[in-house]
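Inspection log for the structure reproduced underneath, given as structure tokens.
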Amino acid sequence: MLKNYSFEKTAVQTFDEHTTLAMKTENMQVFYGSNHAMHDASLAFPKNQITALIGASGSGKSTYLRSLNRMNDTIATVTGKIWYHGVDINQPNVNIYEIRRHIGMVFQRPNPFAKSIRENIIYALRATGVKNKKVLDERVEQSLQGAALWDEVKDSLDKSALALSGGQQQRLCIARSLAMSPDVLLLDEPCSALDPISTVKVEETLLELQKKYTIIIVTHNMQQAARISSQCAFFHLGHVMEYSPTTTMFSTPQIQVTQDYVSGSFG
Amino acid sequence: MEQTNSSFKQEKTQTKDWAYTLHHATRATHEDWLGRSISYTCIGIIILVVASMLWFITSKGIATFTQNHVNVWQFLSGTNWAPDQGKIGALPMIVGSFAVTFAAALVATPFAIGTAIFMTEIAPKRGRKFLQPVIELLVGIPSVVYGFIGLAVVVPFMRHLVGGSGFGIISATFVLFVMVLPTITTMTVDSLRAVPRFYKEASLALGATRWQTVSRVILRAATPGILTAIIFGMARAFGEALAVQMVIGNAAIMPKNLVSPAATLTSQLTTGIGDTIDGTLPNNALWSLALILLLMSLFFNALVRVIAKRGQLSHER
Amino acid sequence: MNAKRKDLLATIIIDVIVATVVGILAFLLAYILISGLPHVSWLFLTGSADSFSGAGGIGIQLFNSFYLLILTMLISIPISLGAGIYLAEYAKDNWRTRLIRSAIEVLSSLPSVVVGLFGFLLFVVKFKIGFSVISGAIALTFFNLPLLTRNIEESLSAVSRSQREAGLSLGLSKWKTEIGIILPVALPGIVTGIVLSAGRVFGEAAVLIYTAGQSAPVTNFSDWNPMDAASPLNPFRPAETLAVHIWKVNTEGLATNAAQLSAAASAVLIIAVLLFNLFARVLGNYLYRRVTASK
């Protein structure tokens with residue numbers, strides 16, 4: 001039985017000026033038509049850390065994530081501010097293509113292009129004007145190594161990406177994002193379609209990647225959040241209820257609803 | 001490696017001005033503008049074609065009434081078609097067109113429904129593997145070939161059977177029957193396949209025979225789709241020109257029976273438009289026939305929409 | 001009569017109906033191929049027609065059919081591609097889009113003779129281009145556009161949304177995503193649609209009799225300069241196609257052996273359409289396997 005929790009009492013942490021932030025949102029609201037899907041989300045994301053967004057399905061965590069790089073533009077109305085390097089990127093005059101190059105995204109289901117592994121990585125890069133074959137080749141290797149896929153595919157770069165296993169495909173999607181040299185990486189339940197072994201590989205990759213990138217990951221797997229994230233935000237029915245360091249979130253949750261969720265009462 | 005590292009760094013330093021980076025137009029912005037222009041232009045061309053087609057044919061078609069001051073009612077009900085003498089009663093062609101259309105649909109419908117039931121309910125495997133290509137092939141045969149076979153086989157056959165020339169409504173009906181059969185069949189198959197499986201399973205589970213299930217459950221559920229199929233078939237029959245023109249005999253007189261030469265709107269247009277001079281009454285009169293064709297085509301179109309709406313409503317209920 | 005008997009009776013009736021339909025097709029094919037094929041020879045396929053004696057071949061008509069087909073496809077594929085992309089990607093769900101869709105539907109349901117007459121009015125009467133290859137090709141384009149557009153839109157829309165998201169999330173423009181990512185995946189369906197529509201265009205006559213005309217002036221097949229009046233490539237010469245030829249031979253009744261000539265020409269036409277059908281299947285399957293990388 002789902003209790004009616006008050007949305008009045010929330011516990012959202014803020015950061016002092018010594019923490020470098022990669023991006024933050026102020027009072028972000030999302031509407032799908034008349035459906036108010038996200039209420040007043042104000043979160044800040046420290047640079048070079050993994051932040052996990054957790055919550056039950058329908059809690060608005062994916063909606064929030066997809067709004068961060070304006071992937072919700074065509075299907076939803078997003079209000080509020082999204083600060084990125086001092087620019088509010090939730091403005092119509094912002095170049096959304098440039099935003100998405102800097103804030104990459106990996107989706108729930110692996111969605112490699114129906115092209116070769118190499119093409120998957122360099123296609124978008126070439127579209128931005130990079131033509132030099134040497135540069136492209138190097139970028140292929142760097143990105144695949146970044147996503148811990150290089151050793152598995154270095155001899156079959158010209159094979160179709162669709163022939164890879166699910167876990168490999170997902171790491172290819174990560175590599176594909178890395179190739180654009182983003183500084184923020186958004187991941188929308190990247191392991192939900194993967195088997196446990198592939199999941200471990202992706203998690204290891206992410207832990208390695210946080211040295212160079214800021215990672216925001218949506219997951220409904222609390223163990224995963226506990227294993228890899230430094231900060232953790234808990235979403236409930238379109239509200240951010242709690243945002244704390246991960247250790248705090250799972251040991252001493254600040255409010256009742258978080259306590260109930262992390263202890264497995266619902267979700 | 002050294003080199004790329006430095007170029008990498010350079011790229012990073014260049015992107016220091018974030019306000020500029022995130023606002024300035026990039027290649028992608030231009031591409032999107034270009035793509036938008038291209039696809040809007042293409043759709044614009046199609047809209048322009050449709051609009052000018054409707055406009056030109058309508059304005060040409062009403063010239064008979066506005067310039068030559070022919071009474072619309074006399075045009076529609078007159079039975080004497082002799083444009084050279086200023087007599088333009090279009091009823092023979094209108095009757096001819098409707099006669100062949102209804103007759104062809106009437107004959108084709110049971111065949112189409114029977115074939116569709118066979119393909120979906122009786123032998124779905126053979127249906128897909130064998131009958132589907134047969135039907136697709138029938139669709140693919142050009143109409144002049146149908147006309148030629150009608151001329152070479154059906155007309156002589158009718159001549160032997162009932163005497164006379166063999167040209168006439170019945171020959172046209174026969175040719176059109178074969179032509180609309182695949183149209184009606186494929187669409188009926190689609191609508192039968194769209195009937196939810198559990199309808200059928202529920203009926204069979206209640207002990208109904210296959211035929212009871214088909215006739216009382218499946219055909220009933222698919223009725224809007226089948227009606228749409230028949231209307232599409234009729235639209236095709238109504239608009240078919242050459243195959244009909246080759247076998248109907250092209251006599252612009254009221255058809256007295258089914259085996260004497262007659263004419264349809266399309267056959268009269270095909271035969272006549274090249275022999276008349278632009279702007280004269282005989283020419284305008286033909287454009288009026290074309291206008292009727294256009295209006296009928298719009299009517300069939302509207303009818304399909306109405307049925308689709310109704311069908312949706314009954315499913316929602 | 002009880003239900004079991006009714007069931008049996010219905011099954012028998014349906015079997016008879018199916019047998020009739022199959023019989024009709026078998027008869028049609030057999031009739032055309034048996035009465036036509038014996039008269040198909042190399043000379044027939046390449047020679048020029050003489051409608052008075054009824055002798056001669058269909059060389060020019062065959063060439064015209066292919067020439068018109070290629071021109072039509074060259075014009076209609078880019079336009080329907082753009083329009084298909086518009087409908088699949090840019091069109092919002094509003095009254096304007098519904099109006100556009102209705103317009104395309106109206107165009108596709110118009111009788112081909114009406115399309116032909118419109119072409120006649122526009123090119124021959126108003127622009128005074130006369131019966132010509134170019135008039136015919138544009139009229140055929142009008143005839144071809146709605147079906148091709150719908151086919152392309154459907155093929156594009158059938159590609160998973162996650163592919164679009166993948167492209168957009170990398171900072172690719174909508175257009176680049178559609179052209180570079182979605183289109184290759186949709187290609188098998190699009191190519192099949194194009195080849196099938198080519199078969200339809202190849203056999204179409206009603207659109208052409210008053211646009212491309214009903215005469216095939218003797219052309220000089222050694223002159224390939226499109227600007228020359230006698231060149232087969234000259235887009236401003238009249239061009240009777242094979243389908244129109246069959247119609248004309250049968251309605252004018254000048255040829256003494258009209259039946260034989262038409263049977264042979266019909267056989268060629270049918271074989272061409274069959275080949276288009278077969279080609280569409282094979283090519284579609286081949287591309288599908290390439291795109292999905294399945295063996």
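Placement of Cβ uses the backbone N, Cα and C atoms for every residue, glycine included.
TrEMBL: automatically predicted annotations, no manual curation.
What you see is a predicted model, and the numbers here were worked out from it, not measured in a lab.
Sequence-distant contacts of the transmembrane segment (B:37-57) (same chain, at least 6 residues past either end, Cβ-Cβ under 8 Å): 287, 290-291, 294. According to TrEMBL, the feature transmembrane segment maps to B:37-57 (among others).
Residues 75-79, 81, 169-170, 172-173, 176-177, 179-181, 184-185, 188, 219, 226, 229-230, 233-234, 237-238, 244, 248, 252-255, 262-268, 285, 288-289, 292, 296 of the same chain sit 6 or more residues outside the transmembrane segment (B:90-113) yet have a Cβ under 8 Å from a Cβ within it. Per TrEMBL, the feature transmembrane segment maps to B:90-113 (among others).
Annotated domain 'ABC transmembrane type-1' per TrEMBL: B:94-304, in sequence order.
Listed by sequence, the residues of this chain that lie at least six past the ends of the transmembrane segment (B:134-155) yet keep a Cβ under 8 A from its Cβ atoms are 115, 165-167, 171-172, 174-175, 178-179, 181-183, 185-186, 240-247. Per TrEMBL, transmembrane segment is recorded for B:134-155 (among others).
The annotation transmembrane segment is assigned in TrEMBL to B:167-189 (among others).
Among the features that TrEMBL reports, transmembrane segment is placed at B:217-238 (among others).
If you look up TrEMBL, you'll see B:285-308 (among others) marked as transmembrane segment. Note on the transmembrane segment (B:285-308): residues 54, 57-58, 60-65, 68, 70, 75, 83, 88, 90, 93-94, 97, 224, 227-228, 231-232, 234-235, 238-239, 265-266, 268-269, 272-273, 276 of its chain, located 6 or more positions outside it, place their CB under 8 angstroms from a CB of the stretch.
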